[in-house]
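Visitor: First, the structure itself, so that you have it in front of you.
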């Protein structure tokens, strides 16, 4: 049985609809990441689950109980805010114990839980400081600690790492993953950073404009994006998408190579996707397409090539990304012939949905 | 001392000669100091003058008292005068009594001989001295300690209630989104445009009907809801992030706890400013307490001061002395808390 279930949840603010009927089941112990471009409604959805906002329609269930009209405090959830929202006038210890004292918990148990959380997060030396005397990473720990002490049925984390610098973000990400493994508590995590999403998630929910585009395990999302949006959103640099036309069971790619395209009406507009990682320098007479290099990003272990399809320079040259392993001797303005394996192709029908067919898992 | 001297003689550049702008600046600032401090210092100096000296023309800057001498054969000390004799020599004599334009005087060294002197020929011998009875008499005999206590009570209680009610109103107006919120805010701020004198009569009727007339509560209660306070606190509370309140809500805090334990402590700087304002306002209130209070034992300081100004006779020496007493708390507040006042005014963005 799913622990948190959303059933046809919609939300509108003053007539503007921002969540359009979301159905979602979250299993116990999962770490589910909501990801999507800004304004897609991921934070709003989290606030609906937390109870800080009420859905306009639909129901939210936790542990099989309908909590749609239950107040935020009584849902048994804990939230970590993007700004941490630590009480600036209280010490770290008071910040941690505030929520417990409000439930009239016995003093001894409050002390015990605070000590336990502080030990787990290595913030014991900070307990008597105020939030203003802490660094960003320490504040982040305290914010998580404030959630942990409540022993919630699920954690809700709203972009918890976005205020940290890059280095700290990587280490906190690892700590969060370890914490989740240790506590085994359900977590819902909102981010716009797909690396966070890919590394942390048990399952990823991709949202766009208030709708769920796809729910899948991270690698499934990468390997089998359900539609053009997910294909373009997941992966960096993003997938190369080539619009073309299905003719006689095949479709032509730039450069003239035809690939099988089954299951769509003759003559329909289809899109073929190819990840930059799956392009390689063509060997010998291998068919492929020619790319004029516009920009080279040499990262050492790999080289990202931004190029334009040769021969399309006239009106709108199509941008193509390719990631070549190692440090190939290429220069700006060179024309490269790139090849690929058909197994790596992603095929999308006229409606933008993924076509079932040959495709690598 | 040398630091003060170098401060006062500081000039443009380093060690150059006086430039004309130095002179102008110095004169301008000196004039400013006299203009700002002169009246206050003169008030303090004059509060130590006796009634006769206050009526003198031309007035003196410093308080003086006439010297007296104990002369044999007289119970009371006699006032001393410098008398110019017909031969032009001057001698110091004590006056026994005055008869018409003549004064009967005696030489303290030779108490047997009485001397008649025309009053035009004598000048009082005076030295700088303080008429402290200006302070002692009202405080001891005229119940001014009682007035002082009333003022302290009114100021303290009114300020406490002001802070509580205004912060509650500001909390609702800044942190809850309800229909007509801006209209309510506008209405509250609009009352700033209605002066007390306009609502004096209806307010009196209300206070009278509620039985608060002639009690200190009648002075306190009508003044506690101040639009300035609500506005100042609301503007400050708007800067408190809503996420803090939501975090508290997740933490099982009731709305009252959110107000009392989260919002109020974070509003402390603005509360300090309002407290200072409120103390100064209530302490200086005159017209409303004058109207409400009629029993003498309920008078506040400002109303008490007014009792020295009668229709025919104004006891300037007492008024001046008690004005100084009345000023002291306000001056102290500004001396010690001016930091908060300027910070708060800047923060709230109002005058």
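Cβ atoms here come from the backbone N, Cα and C positions, even for glycine.
All TrEMBL annotations are machine predictions without curation.
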Visitor: Among the residue ranges B:114-137, B:258-281, I'd like the one that TrEMBL describes as transmembrane segment.
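Guide: TrEMBL lists transmembrane segment for residues B:258-281.
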Visitor: Would you say the transmembrane segment (B:183-204) and the transmembrane segment (B:316-337) are touching, if the rule is that at least three C-beta pairs must lie under 8 angstroms and be 6 or more residues apart?
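Guide: The transmembrane segment (B:183-204) and the transmembrane segment (B:316-337): touching, no.
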Visitor: Near the transmembrane segment (B:183-204), which residues from the same chain, at least 6 beyond its ends, have a CB less than 8 A from one of its CBs?
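Guide: Non-local partners: 169, 173, 213, 222, 227-228, 230-231, 234, 287-288, 291-292.
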Visitor: Most CB pairs under 8 Å with the transmembrane segment (B:216-237): which of B:20-45, B:147-171, B:258-281?
Guide: B:147-171
Visitor: Report, as numbers and ranges, every residue of the chain located at least six residues beyond the transmembrane segment (B:258-281) whose Cβ falls under 8 Å of a Cβ in that stretch; write 'none' if there are none.
Guide: 155, 158-159, 162-163, 166-168, 170-171, 175, 223, 226, 228-229, 232-233, 235-237, 240, 244-245, 248-249, 329-330, 333, 337, 340-341, 343-345, 347-348
Visitor: Could you give the residue numbers and ranges of same-chain residues that sit at least 6 residues beyond the transmembrane segment (B:20-45) on either side and whose C-beta is under 8 angstroms from one of its C-beta atoms?
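Guide: Contacts of the transmembrane segment (B:20-45) (Cβ under 8 Å, skipping residues fewer than 6 from its ends): 11-12, 61-63, 320, 323-324, 327.
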